[in-house]
Amino acid sequence: MTAQLSFPHVNHEMFVENVSIADIAAQVATPFYCYSQTAIETNYTNYQQAFSEQDALICYAVKANSNQGVLATLAKMGSGADVVSMGEIRRAIAAGIPANKIVYSGVAKTAEEIHYALRQGILQFNVESEPELELISEVATALNITAAVAFRINPDVCAQTHAKISTGKAENKFGVPISKARIAYNRAAELPGIKVQGVDVHIGSQLTNLAPFEEAYQRIATLVTDLRADGHDISVIDVGGGLGITYQDEVLPSKQDYANIVKAQLNHLGCKIIIEPGRSLLGNAGVLVSSVVFVKQGEEREFLILDAGMNDLIRPSMYDAYHGIVAVSQKDKSLNTYDIVGPVCETGDTFAKSRQIHQSKAGDLVAIMSAGAYGSVMSSTYNTRMLAPEVMVKGEQFSVVRARPNYDDVINADTIPQWL
Ligand SMILES: *Cc1c(COP(=O)(O)O)cnc(C)c1O
């Protein structure tokens, strides 16, 4: 089953698995995120099967969607976690992911975060710079703990994706340049409290083509051979995440095609492989459900104004991202063309221009598709709009896995200075 099949229209009414979206909307109120647990599980199983011939650990990239319900689903399946902050370590552990399956990425780990990660006993630090390495060494030595490290290598390849989510070119802030890697490893080997164990690479997100992965992994393989010649014991290769999903009409390589590339480039080195998928586990497993507030006739075009906005889903305004948008009820409706916009006071608050969907009127529900990754996690309360709740569906059941906050809690989080 592909993830899209978890959101079928049955008799012209949209469902998530076996639950009607209209039924959830009646209880939860819009806007809300809705995830199919089965779709997440299917995506995870596909990765597991694709990598079954390799000694591979899947470390889900928590930043794509860090809801406890999502993390607990993956924890139960045996997933590890790729995290980028102390907050994400806390979330992963709270959901049942064991610390020894957690790899810690991120360009600006603080001493406090490193301290916390060491005390938990994480699997590996993916170190992004020499100053970070020195800090890890200091904190580890003070705690009398050895930190297992890999350097995140910037292989200087073009990921052929959106500039804001491309991370593996020399000009990007991420990782240690491949040309300086041997110096960095030699330095690491000298430092107390550090155990060199691996090499890490992550070149970007929403890659739709395997060639950049192939090029990056080929460079990593050469580097591992060089590092071993330099006397380093390299037993882990973290190949990052980044495999894309179909938002519109992108044709994606399969997870098996991707696994085959990893195998072809790296298998001969005999290392444990870590993969860090985020978007490709969650993206197509979630939708954002919204109601039409008004249909407004502009001078040149007709607007569908929704109760979800850029504060709920920022990808269209931030990355020019395409999301499919469908009417939840399509019974006896013809198609019409709209600009589909949110209520936020920004022109950028536009989900789609000149988009054909079934004729809609105020109060009708629409689903913004492929919103399971980098959706809820990037939302904000801009315009003092409450964070959209999150709902998880499994079969006939649904559960609110994050409730909508109330206005008092949000306003009372601020304090007025006592001198006013
Ligand atoms: C964001 C990120 C990932 C996940 O990327 P996806 O495109 O969501 O698969 C993996 N590893 C690192 C280091 C990341 O920053």
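Any Cβ shown, glycine's included, is placed from N, Cα and C.
What TrEMBL says about a protein is an automatic prediction, not a curated fact.
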**Message:** Among TYR338, TYR374, TYR382, which residue shares the pyridoxal 5'-phosphate site with GLY242, GLU276, PRO277, GLY278, ARG279 according to TrEMBL?
**Reply:** TYR374
**Asked** Could you state the CA-to-CA distance between LYS63 (N6-(pyridoxal phosphate)lysine) and ARG315 (substrate binding site) to the nearest Å?
**Response** 14
**Rounded Cα separation (Å) that holds between GLY242 (pyridoxal 5'-phosphate binding site) and GLU346 (substrate binding site)** = 30
**Request:** Sort out for me which one of LYS63, ARG279 has the most neighbouring CB atoms within 10 A, since those are the recorded positions we care about.
**Result:** ARG279
**Asked** Cβ distance under 8 Å to ARG315 (substrate binding site), same chain, sequence separation 6 or more: which residues?
**Response** ALA321, HIS323, ALA371, TYR374, GLY375, MET378
**Fill in**
Taking only the CA atoms, the spacing between GLU276 (pyridoxal 5'-phosphate binding site) and TYR319 (substrate binding site), expressed in whole angstrom, is 22
